[in-house]
Amino acid sequence: MKRTLIAAWIAALPVWAVAQDTVVFGDSLSDIGQPGWALKATYTDETGQPHRLYGEIVAESLGSKLVASGAGGTDYAYSGGVVVGSNSERTAAQPNLALQTQVDNYLVAGVKKDALHILWGGGNDMAAILERAQSSASPALSAAVDIAAAAQASGKQLQSLKNAGVDLVVMPNVPNVVYTPTLFESFAAAAAASVNKQVSGALIAAGQDAQQAAATAGMVAAQFTQAFQTASASLATSKQTSLADFENARVAVLNDTVEKLYATPIGAALTAAGVGKAAFSAGLQAQYQTFSTSAADATGRLNNETNTAIGKVGGNVVRLDTNQLFTDILNNPAAYGFNNTTVPVCSSSTAQTLCSPANAAEADSRLFADSFHPGPKAHQIMADYLLSTLQAPQEIAGLGRTALSGSLAAADFIREESRRSRKQPPRTLDAIAAYNHNGDDGQTVYAGAKVQFDPQWQAGVMVGRQNVDSRYGQTEIGGRAHHFGAYLRYDMPRAWVGGLLQIGDADYTTRRSIVLGQNRISQQAESGGRIRSAGLFGGYDVWRQGDTRIAALGDLTLSSGKVNAVNERSGGATQMQFAEQNIRSLRSGLGLEAKHTVGNLTPFANVRWVKEWKNNQQQVTATLNGSSFTLPVADEDRSWINGQLGVVWQPKERLRFHTALGRDFAREGSSNTSVRVGVGMLF
């Protein structure tokens, strides 16, 4: 069985995460139902209960239960929450809408430093910023000022948590809200207002009375709105398989809006006034493209400026790229279980009205629960994304462990071969070859030679080529490793001592598997590593009688090296980078070996207590979406028993074969089960 740190990967999360509280700040995406304020922004399941939001899924996965702060819990999020208080007109009536107030309330209640902290806001701010910019005389300047204020506010909230001793904070960025049905409806409202203004201006310019022109323009705008609503009904039955389909569906709604508008008497009047259908349609499409591009640019600026503000504060920040995640879903909705990304399940806000879909399967196939909030499948995807990101450093740490394991296995081989045929005739050369299959780390082929200079001194060299095949959690590690080693041993009548040097170089490939809802994503990367080991070993025949011998064994090996940085290259929201890992090990072994010769067969068995003396808590630094964070890695067992059972067959004086089975006992997470076969020829 390949190396697996845990049966269920969640059990290997760092100590700070397991069975600890989850603290959440944010808006309706995170509000699980503050008493007297709002409902969960989702629809009900088959039992009539609202589906879980992402924060609840995360908390339960980590062994706790998320409860709203208003009910004595640690979810401080409020529906309608904003990073900047002035971005909501309701903040005066409900101060907890401001994320800074949420953070302050938490600090007063008492900081849980070991909890997982999630700070996610900005969606409502982005909507407010876009709406203000639309009505501003200088939209670009208005958006720039508001975006800077929101980014600085996010940095201040992070600083408050950091000052209180919170080390790690998950801060997802803001998805592009233009993809929500609400923003499409807002665009239609803005377009209607623009139509009103343009028609009124054109009529006045044609000499019509201002009051009459306003009334006529109002009728045109109202007819436009009605046409848009009628055209939008087609979205309910539309299907999308890509982002292009999503955009085409909206383009079709706008085209149909124009067709319906121009099929009315108002359309005829517009045509008579010189506003043709084709020109009107082109203008509407251009207006939508400008609106869409501006929203995407504004979202990008807000996320980038917030990244800068976060960078100035410093600390451990997991900057989940939910903007890219949302785009990934729209690019391939079927992979995530959606066939409609344009229309919501519920017609009114689920944060205000309980919604129970008549057709659960149809509801779950839609991305949005209502016009602004994603549905339960999207919340599961978000929870999976968060948890897999936190787990990733644990799994990539397997590179360092794989490198060390292969290097020490090569050192073990050198040491074992040095004692396999002691006291050979002087001035002889013993050529050896062996194949070792390890269920944790792959297969290795060894070749080498031993030279007996005189009755006391023996030296040897070994080379090995390892096909790496390891698995840590959801990450597969493959590649090739090359080992070179040499030893020198001195024999006494009942004892022997020796020293060895071993060098290992490897090229690795990693394939990290991430499950987001029903979609499985693979992130691939390359890395390399190098380890140097030096060791001492010896033994003493504590009992010899006839063809039976029992020897005491001892060894000490010092290893040092590193694994290069890992830069995943598969793209998308889950793509991460990991810093190089330094490897330090001081490992000892004490044991006994018994062997007995019967004719040309020598069965043997040994048992060895292995102890790792380095007690450094390994950490892995990861980067996601431009922000880096460092997490401790679950420590491996530092003490276990290794056992081997084998036989040497010597059919001729100068030819021998051997085979052996090996296994570690009382070692959590790894059995290190191995099978070895080898041959030696004396010259």
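Quick reminder: no glycine exception, Cβ is built from N, Cα and C everywhere.
Bear in mind that TrEMBL entries carry predicted annotations, made automatically and left uncurated.
Remember, predicted model here, so these are calculated numbers, not experimental data.
Annotated active site, nucleophile per TrEMBL: S28, in sequence order. For D370, H373, the entry in TrEMBL reads active site. What TrEMBL records for 405-683 is domain 'Autotransporter'. Under the heading signal peptide, TrEMBL lists 1-19.
Confidence across the domain 'Autotransporter' (405-683), taken as the mean pLDDT and rounded to a whole number, stands at 92. In this structure, the C-alpha atom of H373 (active site) lies 8 angstrom from that of the residue listed as 'active site, nucleophile'. Of the recorded residues, the residue listed as 'active site, nucleophile' and D370 (active site) place their C-alpha atoms 12 Å from one another. In this view, the residue listed as 'active site, nucleophile' is surrounded by 25 other Cβ atoms within 10 Å of its Cβ, with every protein chain counted.
The local packing around D370 (active site), expressed as other Cβ atoms within 10 Å of its Cβ over all shown chains, amounts to 25.
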